[in-house]
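See structure below.
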Amino acid sequence: MRSGVIAQKLGMTRVYNDAGEHVPVTVLRMENCHVVAQRTVEKNGYTAVQLGVGMAKVKNTSKAMRGHFAKAEVEPKAKLAEFRVSPDNLLEVGVEITAEHFVAGQKVDVTGTSIGKGFAGVMKRHNFGGHRASHGNSITHRSHGSTGQRQDPGKVFKGKKMAGHMGQTRVTTQNIEVVSTDSDRGLILVRGAVPGSKGAWILVRDAVKASLPENAPKPAGLRAGAKAEAAATEGGE
């Protein structure tokens, strides 16, 4: 199991494949995605890596976090996230992961926070059909109707579809295809929509319901450098 990455959603556009077909894509950008810390079985009880992306102002970073980033020899990060990995894919602290971590045609799972819609009615939130427009209907056109039964059971069951806060929840979309990557600009183009607004942080992982392509780099797609080469060598042993 490889590490995932943290990317920022830039928006949607379109590209054309070799057959001339129009493909809607979401553009995700990876910016300074470094390994900030390790989690090992001996010390933490599980194996994972903590990644950080973006840049945060030093004055807006707490003293504890400044020490955390200094220990990893990386600049303060705007976003941190942990990814579970197998022991053979554990990355060294300080290495940088690039967009080449994924390959074209690969399936990935993306996780983000959906766009908040505020307090919404049942017709918008749950796609209810609503009531009649006339013939005796009075101000209940968009109402959800009855909420329960009678004295028995005498309550509203949990999970009843009603009006309420819509959106702004953690959403994972599975098996999205990677159309292409651009390592120089740190871009990942994935087919279709991705949960979240423009500028939102998105977690991208290898799909759990699809096999990993044979040409996918292991333990990760790393930036060329002394630390990266050392980590890749250790991972291949």
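The backbone N, Cα and C atoms fix where each Cβ goes, and this holds for glycine too.
The feature region 'Disordered', as given by Swiss-Prot for the ranges 163-187, 213-237, sits at 213-237. According to DSSP, GLN151 (N5-methylglutamine) sits in a coil region rather than a helix or strand.
Sequence-distant contacts of GLN151 (N5-methylglutamine), defined by Cβ-Cβ distance under 8 angstroms and a gap of at least six in the same chain, do not exist.
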